[in-house]
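Peer 1: Got a structure for you, questions after.
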């Protein structure tokens, strides 16, 4: 409980440090149980709205700014995610889930437009442009993958003309996020991964993480009581590194069995001998250094960040006070301890490498690990190619407070849910938890299903939500052309309405995506049929063509050859030779 | 036109009716002969990997070194749990998985079969692939007890060691589930049912944690104790419940990795010493067919196959020089191959008969044999149907070019025939002694004379035979229910009673019907009854052949005499037929089968009940609702001859 409180204070502190400078970046490290480490990178830049309108972008990346202007996007959120957050072991999500996306790519934006059609046209412009910028298949977010959420998302910024804004949301659960998406992401930063905390970001480590999400958020901010507004762009990268895996050297990443003399054995076991070794569970915090874990050194601070006050603390680590941390640098680093000493922040020097060294240590106190407000899991039940059912289990671990959530499902059109089979059961009471439903049914090949439910879960209760669905049969051209394991269903998005979020980001939980195996025809069969038909066609065509172009001549019409015997043959040869030479 | 009329005339040809028994016999002979040629090189093929993505044996395996020390420690740990209770065992296994930073859960199951409680616990752990998105998973199974009821000491230890080893790799594209079921056949069924939410919550606990769609499962059976045992070969077990088979690619991958990469020989169907001769191949195929036909669980993998999860079990056999590290490397390589899968295993065959570990026959080649055996019943059924429509009196053959009655011949023909067929005519005329009644038919001014018998319409009464057939099939429900629900210790006694009762049943039924309702068992009704019964049998078997080829062939083969037995007034012949049928009574066949295979009858019956309640086994349904009614009808038809 105490650690939760600390965490809330940390959050409050981080949010409170809202920037007045134009550019700000911070890396927050938090060791998690099971020898993992959460690294949250946060980069934030501001530009006044007036300057932005005049295309004076400053720290705001030009390429990105122009796309926003072109598509009339007033607020935009883009997510690239891989892996799963293990809430049971790791506790609450980074940023309370407010900077996280479902597996693959997720994009939602508030676009300014007069009509819905215009908004959709601008949405297509936006997706196509972003697709080019981030080397991702965002352009595949078409009408079937786009929904207009009603309750699940609220604008984070302050909008002056809210009535003309349209919220559109699209997901690509199948998209594989990789290095080609990280490179353009880093290029948007003022220091471009050359200095500052972004110098730690490398594709090798980022995409080896157990959980990883990259987010870009653009929102307008207006200071209260003043008419001057600014456009804030926030880029975040959250990753959970497995320390043992991350510490492996780059040139030898193979996890070979340890040499026998390095293996630590539990000598208390009766059978312990030179050939039997029960791996020792030491119960200590593992040793690690920044450079080991990220595979490259931290190249000081980005010179563009603010140099005073909170702003200057670029590197923070959230650990119990007893943990030893040693800073290794040739420059000057100042340490400040905050939030009852559970947060240590460092002001990084410019132009000097910095490394944090944490030795192996036996700890008396637990790690800082706040509990999440809601647990959620979703799975497909049943088997076979015709139908199935979805089961989502959402639980409220709090013993005192009820939670109110919005549950959003965006399903592909070929998955046809039956709303009359929707059941929401609570294990503690018979009362229906559903307070409000928004449902927009699918239209084949035009629109996906959009389901939003407002649910209330009493304290210490588990909600089980189930519904049945049919699997559609696709046309053969609608299957992906390459080998595939089935179709992915986007993760469900859960927004926690109460208890209320302490910042503008909101509290979100996303489930994992689902695999929907559809009845797949034997594609080799049409292939065989095509080959066979082509052969028959070729034979028929060959014969007819032969008949059409060949000139049939009666035997007596053939010149020369009429004469038989040796004389005839000789004449024939001579004739052919003559024809050959003269080209006749 | 002339051809058409002569074909039509052929319908009335007497020879047409004599043909079916020979045709049936020919079908049976070809059908069985077909099976016998399958082991030849010309009719079977060498196995090959069809799915390019698998790339078997292409990776270097690193399992070994200090992992061996860890393995030995785990083996001691597992050995220490043998005498402990289920709860303590689960707790300790969970603790080991937990130390490896895996997500662990247990699942309790408690079935009541034949008034006997089967309760145990499954322990499973999920390794979440670092780059995976929880949509796919592969399963590594080490059942606590193997099929011979020995503790799978080294197998479980190997699963624990591999869990620790696999956890260190980054490359898994799918989750890996390590499952330690309480036993080899019931635990995996409970787990896989609950995984797909197809379980009955009264008996099986729901799973607390799940992963994505299962793509494949591999079970390992290595019952060596704490001091190890060096084995010679790997026995690859692949039969699933109800004779369903895993994709051949999975089997081939396992065989390829073990023999080509690891140098461990692989065997199938308990053919420990396969010399690749015709006899060995045939024996392997027949063992495979028997196992497939019975449809029982042959290992922890069997329960997965009905859910379209391809699965195999690797069992270590013999005394040789391969150790646990080789087995571990085999599994590592196999999992690396499965990890490569881009789509569900679908490329290769799902219907095949294996002749040795690298030779198989595909469905297109072997299916005709079961179909021919099934068709034999249909042919007889049709013949009996035609026969039932004929008048009971014999009719002269109108299509014959040699009319038997010389009165119908022109003088010229008479002279011609007189010389050539004088002797024959004399013989025939003796047989045809009483001249048959004839009828004069007039139409459009033309007249013709026909035997009266051929002009009379003989009506088929369908209701009685259909009702009798329905009754016969309903009777089958009784033993089906009793055998699946009776107390386990009383099952053999029940079986003997049923065997005696069913042997006497045809005599009793026909006697009761003959004395009480003599009008029912007319030859006409019996003919139709037999016809319907055989028709149904043929249809069932043909349909079954596409689902479980082996069961169809086995049932078809023992039912073959049913299409040749007829009701006869000859007492000796009836007795001989009855004796033959008594031997082919399903109960007798099953009993003789158990004697031949050297298994206990009680065990078979208990397994059957377990199969019905736990595995969803359909073999009993085929025995009691297809085979038994067909046999009963055949026997009743024959027995009715006794009472005349």
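Don't overthink the numbers, they just go from 1 along the chain as shown.
Cβ from N, Cα, C; glycine included.
In TrEMBL, annotation is done automatically, which means it is predicted and not curated.
Given the structure is predicted, the values throughout are model-derived calculations rather than measurements.
From TrEMBL, for reference:
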- B:411-434: compositional bias 'Basic and acidic residues' (COMPBIAS)
- B:444-453: compositional bias 'Polar residues' (COMPBIAS)
- B:394-453: region 'Disordered' (REGION)
- B:21-40: transmembrane segment (TRANSMEM)
- B:366-386: transmembrane segment (TRANSMEM)
- B:462-481: transmembrane segment (TRANSMEM)
- B:493-515: transmembrane segment (TRANSMEM)
- B:527-551: transmembrane segment (TRANSMEM)
- B:571-589: transmembrane segment (TRANSMEM)
- B:596-615: transmembrane segment (TRANSMEM)
- B:621-643: transmembrane segment (TRANSMEM)
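So where do these features actually land, and what's packed around them?
Peer 2: Residues 278, 281-282, 285, 353, 355, 361, 365-366, 368-373, 375-377, 379-380, 383, 553, 556-557, 560, 563-564 of the same chain sit 6 or more residues outside the transmembrane segment (B:21-40) yet have a Cβ under 8 Å from a Cβ within it.
Residues 17, 20-21, 23-25, 27-28, 30-32, 34-35, 38, 353, 527-528, 530-535, 537-539, 541-542, 545-546, 549, 552-553, 556-557, 559-560, 562-564 of the same chain sit 6 or more residues outside the transmembrane segment (B:366-386) yet have a Cβ under 8 Å from a Cβ within it.
Here the transmembrane segment (B:462-481) has Cβ contacts under 8 Å with residues 498, 520, 525-526, 528-529, 531-533, 536, 620-621, 624-625, 628-629, 632-633, 636 of the same chain, all six or more residues outside its ends.
Residues of the same chain lying 6 or more positions beyond the ends of the transmembrane segment (B:493-515) and with a Cβ under 8 Å from any Cβ of it are 479, 482-483, 486, 521, 578, 581-582, 585-588, 591, 601, 605, 628, 632, 635-636, 638-640, 642-644.
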Peer 1: Counting only residues 6+ away from its ends, which parts of the chain sit with a Cβ under 8 Å from the transmembrane segment (B:527-551)?
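Peer 2: The answer is 242-244, 288-295, 351, 353, 363, 366-367, 370-371, 373-378, 380-382, 384-385, 387-388, 460-462, 465-466, 468-469, 472, 559, 562-563, 618-619, 622, 626, 629-630, 633-634, 636-637.
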Peer 1: Short question: which residues 6 or more past the ends of the transmembrane segment (B:571-589) have a Cβ under 8 Å from it?
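Peer 2: Tertiary neighbours of the transmembrane segment (B:571-589) are 495, 498-499, 502-503, 506-507, 558-559, 561, 565, 623-624, 627-628, 631, 634-635, 638-639, 641-642.
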Peer 1: Taking residues 6+ outside the transmembrane segment (B:596-615), which of them lie with a CB under 8 Å of any CB in it?
Peer 2: 111, 113-114, 116, 118, 185-186, 189-190, 241, 295-297, 302-303, 483-486, 488, 491-492, 495, 590
